[in-house]
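Colleague: Summarising the annotation, TrEMBL assigns repeat 'WD' to B:107-139, B:284-316, B:327-368. Under the heading domain 'Sof1-like protein', TrEMBL lists B:360-445. Taken from TrEMBL, the feature region 'Disordered' covers B:420-451. According to TrEMBL, the compositional bias 'Basic and acidic residues' annotation covers B:432-444.
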Amino acid sequence: MDSLIAQADAIRPLAKRRKLSGDIPHRRTKNAQPSTTDDTLNSVVKHTSLPKSLRVTESLPENVPKHTHIANPKLRSELIRQSAHAAQSKALLKDAELLLTEDAGKIEVEGEMEKTWRVGQDEIARSAGQEAAKGRREWKLDGGPYKSRYSRNGRHLAVVGKTGHVATFDWQAGTLHAELQLQETCRDITFFQDQSHFAVAQKKYVYIYDRDGVELHCLKAHIEPTRLEFLPYHWLLASVGNGGYLKYQDTSTGQLLVEHRTKFGACNTMAQNRHNAVIHLGHQNGTVTLWTPNLPHPAVQLLAHLGPVVSVSIDQSTGGRFMSTTGQDGTVKVWDCRNWKGAVREWSARGGGGEVEWSAKGSLAVATGGSVNIYTAPTVHQAFTPKMPPPLYITHPIPHRPLTSLRFCPFQDILTIGHSAGLSSVLVPGSGEPNFDSAEADPFETKKARREREVKGLLEKIQPDMISLDPEFVGSLAPPSKLTSGSTDTPFARLPRLERLRTQGKADETEIANDSPDEDHSGKKQDREAREKRKMRGKGKSMKRYLRKQRKNVIDPTAVWISLPIYTLL
Amino acid sequence: MVKISVLQHAPSSHIALRPGDPAPTSRNLDPLMHPFARARERTRALNAAKMDRIFAKPFVDSLEGHIDAVEVLCRKPESLTTVASGSWDGGVILHNLTHRSQLARIQGAHKGKVSGLCFTSGDRLLSCGVDRNVKLWDVGSGDPNVGSSDHTPLNVFPSKSAFNSIDHHRSDPLFATASNLVQIWDETKSAPISNLTFPTSTETITAVRFNLSESSVLASIGSDRTFTLYDIRTGKAERRVVMQMRSNALSWSPTFPTSLLLASEDHNLYTFDIRKLAVPTQIYKAHVAAVMSCDWSPTGLEFVSGGWDRTVRIWKEGQGTGPEVYHTKRMQRVSSSIFSADARFVLSGSDDGNVRIWKSRASEKLGIITARERAAMEYRDSLKERWKMDAQVGKISRNRHLPKPVHQASKLKRTMLEARRVKEERRRKHTRAGETKPKAERKSVVLAEQT
């Protein structure tokens, strides 16, 4: 900065102005310190100073990109500030691991000869702590095979029997919220955002009850429902029924959002992917379809089994990457949702396919015949060609067939199995996420916290049309525009910024990958093809064009055949 | 031997020990625990933008008392509450902003309009008018009955020509007046101690301002489309810049001492760095009529401008478009506008004779704010900043309602500028003018720089 206003005759006449004034700042080398004898600064500093709170105190963290290739100093300093902030928050995030205080459960064996699956539930319950041993329970109930569902914080359990016995209760405290005998077929039950409401799929319609079991709504649009799912961040209730229609009901506004005709007939299998809110349906002809509210057709359709699909479940521990299915044909398959070409691994279950369920830590529970087998994370996800089951972690026999539902309890090492004689909870060490986040779901939340969460959840409700296979598309960059570059018609002032910089020779090309020759090549090829096509349009000489394409050094028998005059063939 | 451990939560560490205690919370920052984090954050940002617009009630109060249009406003240095206003009826009123009361009222301070006001040390007020007098008033008695007609000035400085503006030196007992030349006065002497004028100038000086940090430098604007820089140590005009159109007001930045703001007749505001006068550092475009007044915020990050189009606009330094815009049905042409000393309020004086108080941030909550509330506000602000590129969020936070005449005028102006641009493009396309690069608009503002 040159001192124009510092001296008495500060503002010099134009002619006498030093030539250096414009040049010095640009030519300054990188190492040069800002000169300490800045006259203007010295003159001005006693009148103008930043308050202490606004002054920068911390130095930049290391490994922050300096963006030296950016010429504009304003933009550069903004970018540096942003990346420094990002680096700082990343470093802070590393420290946040200190907050994780609870330890996950586990079973450790010594040596090759000991197997974890030999350990029975009695032994696990004996060696578990007093609080944890409460998870091992048997509920002997009449009224057909049972299905269950946990609330999002894992504190409350809703059970429904085939013949109409519905109960919701806080299983830890042992307080019953509601118990109903509905006297008609009930096929599924689900909690809404918390324990205050639940929906039951009954014989004809879906009914909504409040915590005390008072019937609030009868959803007559959902006819003969078989399965229910609640999407907690979108406040949507999805149901599928014997008619084969997938229906979304917005529970915050009450309107029926959309109904999709699956065209696959009655459907008994539904699961949601918690990370992108996509609904997975398994059908009678062995296909699995993935649905979003804004697409009238499945986003993905996959032939998974040779018979009907019995159960579908999506792994939460990998961000919804793995899906597992079981079929009536007795096979269990694990799929990679990023790449549908064949299953990652498959095996046949001995007693025919049953229910399947992933836990929060990636344990896979498979109900087969009269027992439940549990496999653990790293081996279940690994690709493996032979059709063999992964090493067994825990198995638990249950004599009451059929086993109709498997549910892992969130934030606990508990698996609840619904069967014809009621429900039984077993302990599966290492299946539950040990550290919960109070902002998302808190097993110990108070009444006030529950109310606050409900209001916050409604305020943060995500619009249903934002459901897509990739949830990260929100806030990401738009795809590049199709605007062609280099057209001479557009005046300089109307060109996009990058084009203007390019014409001025100031464009920063450092980040553009150098795969231009490739593109050029293919472009030329395409050009030629396009020209050929255009040339022939309207002439009607398709045979000639076909022959020219065949004109090569290779003797193609079909080409020869066609080009031969007819009389030679006679 | 098999080692088995099963997960269990100790209720004692998650439940409040005593009834009044806050419930303990636990955090897990694993992204898998927070599905849809981005989508939910966007929804929060959308809500923040909407709430910002819902709570945008910038008008605080209007201070009445003048019979005619308010010509000039001036705030007392080192006071948060005291503001003086001068009117076309020749009256001067001293307002208290907290109580919205009149501290003093001098009716008929001048014959004709009061054209300039400034405070001097010790509760004294200097006023100048078109009656060719500068008067020094004592307004510190705290007696609201000053308004009686027998109120006499402490001192009168007569001159030969009508005054247009007055400004006081930051520290010394000097003040400068603008008439057909800039005069420097000592408070204790009845004649000007020096006359400053550019050698070839025959203009009328319309405003004069001392620099706040380099306190011997002052700037003036004149009716011949120029602005001039003077130094009282050398006692002469140092530099003069001729522009396309005349300026109506000027203001020195309080934190960037070399930065000068001009409110121009051509609907724009300009900031200049006085070390490089050939090019303005930024052009501020949004007014649809002449800009009549401008004033920097004490933080130097914002400034306010009032225009002939009956709007008050608040700009961010260095951001040439999209200012905050305030208007009411009854507010007429805004002839003066200032920031309050705490940068939280903006005052505007208009042709309808009222001084209006506005919040400088339209949706700010007045009154006591708890720490939790403040944290929530700051979070909402950062959300809006982060998601401003989102189409929906950006649209909500950018959109401003304009009165119909202003909206029509801006539409008309946009059409005219577009037509001019298209014409220029065609001219460049078909003549030799197209062989050179187009001249940036910033570079065609200054016509000549003279010494």
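Cβ coordinates are placed from backbone N, Cα and C, and glycine is handled just like the others.
Would you situate these features in the structure and describe their surroundings?
Modeller: Non-local neighbours of the repeat 'WD' (B:107-139) in the same chain are 68, 71-74, 76-77, 84-92, 94, 146-147, 149, 151, 153-168, 173, 175, 177-178, 185, 187; each lies 6+ residues outside the stretch with a CB under 8 Å from one of its CB atoms.
The residues of the repeat 'WD' (B:284-316), classed with DSSP into helix (H, G, I), strand (E, B) and coil, number 0 helix, 19 strand, 14 coil.
If you look at the repeat 'WD' (B:327-368), the same-chain residues 6 or more away from its ends with a CB under 8 A from one of its CBs are 51-64, 66-75, 77-80, 83, 85, 87, 95, 97, 100, 292-299, 302-308, 310-312, 314, 377, 402-403, 406.
Within the region 'Disordered' (B:420-451), the DSSP-based counts of helix, strand and coil residues read 19 helix, 5 strand, 8 coil.
Residues of the same chain lying 6 or more positions beyond the ends of the compositional bias 'Basic and acidic residues' (B:432-444) and with a Cβ under 8 Å from any Cβ of it are 244, 278-280, 283, 424.
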Colleague: What does DSSP give as the helix, strand and coil breakdown of the repeat 'WD' (B:327-368)?
Modeller: 0 helix, 17 strand, 25 coil
